[in-house]
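Asks: When I checked Swiss-Prot for this same protein, it listed these features:
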- Asp809, Asn811: Ca(2+) 2 binding site (BINDING)
- 158-264: domain 'Calponin-homology (CH) 2' (DOMAIN)
- 760-795: domain 'EF-hand 1' (DOMAIN)
- 796-831: domain 'EF-hand 2' (DOMAIN)
- 288-398: repeat 'Spectrin 1' (REPEAT)
- 408-513: repeat 'Spectrin 2' (REPEAT)
- 523-634: repeat 'Spectrin 3' (REPEAT)
- 644-747: repeat 'Spectrin 4' (REPEAT)
Amino acid sequence: MMMVLQPEGLGTGEGPFAGGRGGGEYMEQEEDWDRDLLLDPAWEKQQRKTFTAWCNSHLRKAGTQIENIEEDFRNGLKLMLLLEVISGERLPRPDKGKMRFHKIANVNKALDFIASKGVKLVSIGAEEIVDGNLKMTLGMIWTIILRFAIQDISVEETSAKEGLLLWCQRKTAPYRNVNVQNFHTSWKDGLALCALIHRHRPDLIDYAKLRKDDPIGNLNTAFEVAEKYLDIPKMLDAEDIVNTPKPDEKAIMTYVSCFYHAFAGAEQAETAANRICKVLAVNQENEKLMEEYEKLASELLEWIRRTVPWLENRVGEPSMSAMQRKLEDFRDYRRLHKPPRVQEKCQLEINFNTLQTKLRLSHRPAFMPSEGKLVSDIANAWRGLEQAEKGYEDWLLSEIRRLQRLQHLAEKFQQKASLHEAWTRGKEDMLSQRDYETASLQEVRALLRRHEAFESDLAAHQDRVEHIAALAQELNELDYHEAASVNSRCQAICDQWDNLGTLTQKRRDALERMEKLLETIDQLQLEFARRAAPFNNWLDGAVEDLQDVWLVHSVEETQSLVTAHDQFKATLPEADRERGAILGIQGEIQKICQTYGLRPSSTNPYITLTPQDINTKWDTVRKLVPSRDQMLQEELTRQQVNERLRRQFAAQANAIGPWIQGKVEEVGRLAAGMAGSLEEQMAGLRQQEQNIINYKSNIDRLEGDHQLLQESLVFDNKHTVYSMEHIRVGWEQLLTSIARTINEVENQVLTRDAKGLSQEQLNEFRASFNHFDRKRNGMMEPDDFRACLISMGYDLGEVEFARIMTMVDPNAAGVVTFQAFIDFMTRETAETDTAEQVVASFKILAGDKNYITAEELRRELPAEQAEYCIRRMAPYKGAGAPAGALDYVAFSSALYGESDL
């Protein structure tokens, strides 16, 4: 006959002796009877000895004992006797026969009795016990030990094993060289057992004389003292424990549980102290969180207050280098100074939400930050900071472009002004000469023609002067910092130009008057002058154009310059022919002079330009053409590099931007419509958070490309709609969103565990909340909240609904969050500590007196929390109290906001 028994409501393990779910959780996890463990002879030996000693400690009360655990229980008689002793109940009369079926019947009666106590023994049958199966016999005894010796051990709502471990940790915490973390290796040196005995019976052991390097001596001391003075039989061998790498956990638990029961009478005061410590710890932790919030909020607001004026300062710098230093300072701010503050702001919101949740769960009044430090105040200040930051960056880039333009215009102005001043040098003196008065007719006509050529040259320079004036005007409009010197130079050029015009007109009038007196003019020299002057102007213009500086921002603009230069080069053959024709005129003059024996004039009376001048300028043009070719190709290469940078940045930004947007929407959907258990939701969110963190390298690479663009002074990108600022803002929004959503789920876990909610209840609450969350923003407006309550069966009048709103919306924000909704739905059924419970706990510590002394507090509570109570408790004002008596009733009421501390 095979019996499958298990304690009802015990454990969730999956071993052959594992239990189900419920209050007796001592069977879960490593409490499962692992069959493979018995393959270790050392563990089998320890369990056999320990379990035998444990059984004998109870059987001796009935005047019997066992010697061989797998043999002495085979007939079921001593097994039934053991159950009667430890339970205090009578079992059915055993069968007296010695046949196998009699033994099986007796064992089954014992197993039936175990089953009647809510214990399920999976895979253990009476036949295996009767057959002397050591593994099954040890498993059955271990289950009996769990049910009758360990199951009822509970410390602060923990499972049996966890409660026993926590009890051991608390009792041994003050002792040196003792660190109880488990029921195997933590007990090998014997100090933990000695500490347990010394904690409750300091008169039995001199703990100060114990040495950690003498484990066998320590263990034997504990065993002997326990057996002699505490009536706890020796269940273990010191040598087995020391020489085994990992002593058997169940043997240790069985032996340690005997100490727990031996010292159970001293636990009432400790339980009361634990309750007070728990309440005080909650209060102290909340106060610490409040102080941290105030400190973080003050520091963040102070940083914003200092930073905003700097970002709002729009005073420009006169030089490009100074503005670039400002831009570098701004980059350092975005890269080094702001990210930690973003993290602080996010952490501040998380701390605030966590604090409010803890206050609600512990029935403390809601935390109201000091004036100006609300989360909304910080959010408003942060928005102001970001607005100032965006305006500051736009202003910086605009100023840099303006200074670039100014620098280019100033260089162009100086170049053209220098060329013009070089051209006009001596022209006023030349126009003021009166040489025509003593000249011959031919010389006068030559002077006239020369003057005509000058006027042609002067007219050709009119555009240059107008261009110089236009450049000066543009520099003034762009607020050039050296505008005064530019204006002064431009005014001097314009005044000189007007004077040149006046002098030119006066000289023409004089020469035309003299022309009537003169008849001969050398036509060839005139022809030379007429053709050489415009060609010379063309040469000057060509030199000026070839030396001209440019400012381009794209490949297309550079290609346009290259095309214009190619077109100019195409005109060079025609210009060379014109040069040959002009030089041919001079050759003709020399030929005529040679033919007729004339003495050629050393100068052309119509023009000062010589053929050598034309050849020199022509050579200059020929040399400048390849130089400009090289410069244009270098600029084209630079612009092509910039274009590749633009495309590289755009390719990443066009991938990152939609990814961030998709993640933001995905997080929003997760927050609004979460399914599964809170742990599953948290795991999903943590996975999302890790995915987002892992994606940070893409943002860093994009920042690097953006840095290269800025260093190359590239400020536009037609290949993408995403700027670095868009990516940064989206990234910060994504980090904040995932952190806030994780915090909401953590708070729901706190609420669920504190209120005892099931996952089905949470899912039902979430479904109702989502249905009435019209805007899908995680909050219900008052009308939607009222409709939700009505749909759930609440009959609400105006006064009652107003009362409920003050509970779920204490700050009068006009919305109801999901956390507040859950708090309301579970408020009346929650099992929490109260002021009355704390008063009752203090009364136990005070020995039933209405007051308590500082000495009693220091004796029963940890030092830190005892001093905390002494500082905050008011003196007891009742009659018959000694000096220094403290009022613990008023103090307990103040902890829950029912009075002032």
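For all residues, glycine too, the Cβ spot is worked out from N, Cα and C.
Source: prediction; values computed, not measured.
Show me how these features fit into the shown structure, please.
Replies: Taking the Cβ of Asn811 (Ca(2+) 2 binding site) as centre and 10 Å as the limit, one finds 12 other Cβ atoms among all the protein chains shown.
DSSP places the residues of the domain 'EF-hand 2' (796-831) in helix, strand and coil in these numbers: 20 helix, 2 strand, 14 coil.
Mean model confidence for the repeat 'Spectrin 1' (288-398) is a pLDDT of 78.
Within the repeat 'Spectrin 2' (408-513), the DSSP-based counts of helix, strand and coil residues read 93 helix, 0 strand, 13 coil.
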Asks: What else in the chain is close to the domain 'EF-hand 2' (796-831), if you only count residues 6 or more beyond its ends and a Cβ gap under 8 Å?
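Replies: For the domain 'EF-hand 2' (796-831), the list is 353, 357, 360, 366, 368, 744, 747-748, 751, 754-757, 762, 765-766, 769, 778-782, 785-786, 788-790.
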Asks: When secondary structure is assigned with DSSP, how many helix, strand and coil residues does the domain 'EF-hand 1' (760-795) contain?
Replies: 23 helix, 2 strand, 11 coil
Asks: Which residue counts does DSSP yield for the repeat 'Spectrin 1' (288-398) in the helix, strand and coil classes, in that order?
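Replies: Result for the repeat 'Spectrin 1' (288-398), in helix, strand, coil order: 91 helix, 0 strand, 20 coil.
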